[in-house]
Amino acid sequence: MASKVKQVILDLTVEKDKKNKKGGKASKQSEEESHHLEEVENKKPGGNVRRKVRRLVPNFLWAIPNRHVDHSEGGEEVGRFVGQVMEAKRKSKEQQMRPYTRFRTPEPDNHYDFCLIP
């Protein structure tokens, strides 16, 4: 297909040169066509496609309960809020890891009494 485009451009330039030699002006339409075809020739396929990487965003805001702010409590409120954020992060991590840890079960208390594997 690229060779066909080059051939069309070559034909248009030859035609334009012939008209210029005869003294007549090349038609405006042929100039526009040759200009458009040159633009098409210079373009690379898929050159402007950007591939974005999807990153996992830690979405733990759903787990933070609505807080009623009492400005008279200063230090305790900060500690409580930090605890809530840590708990929310832990919950979100558990939710994200749930498909991977589905079949793992903890060992019972008497596991080593009955285990035959040394």
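Just so you know, glycine gets a Cβ as well, placed from its N, Cα and C.
Bear in mind that the values here come from a model prediction, so they are computed numbers and not experimental data.
Going by Swiss-Prot, these are the annotated features:
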type	residues	note
REGION	14-50	region 'Disordered'
COMPBIAS	28-44	compositional bias 'Basic and acidic residues'
REGION	30-118	region 'Interaction with alpha-tubulin'
REGION	30-88	region 'Interaction with SIRT2'
BINDING	Cys115	Zn(2+) binding site
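The residue listed as 'Zn(2+) binding site' is surrounded by 9 other CB atoms, counting those within 10 A of its CB over all protein chains shown. Computed over the region 'Interaction with alpha-tubulin' (30-118), the whole-number mean pLDDT of the model equals 69.
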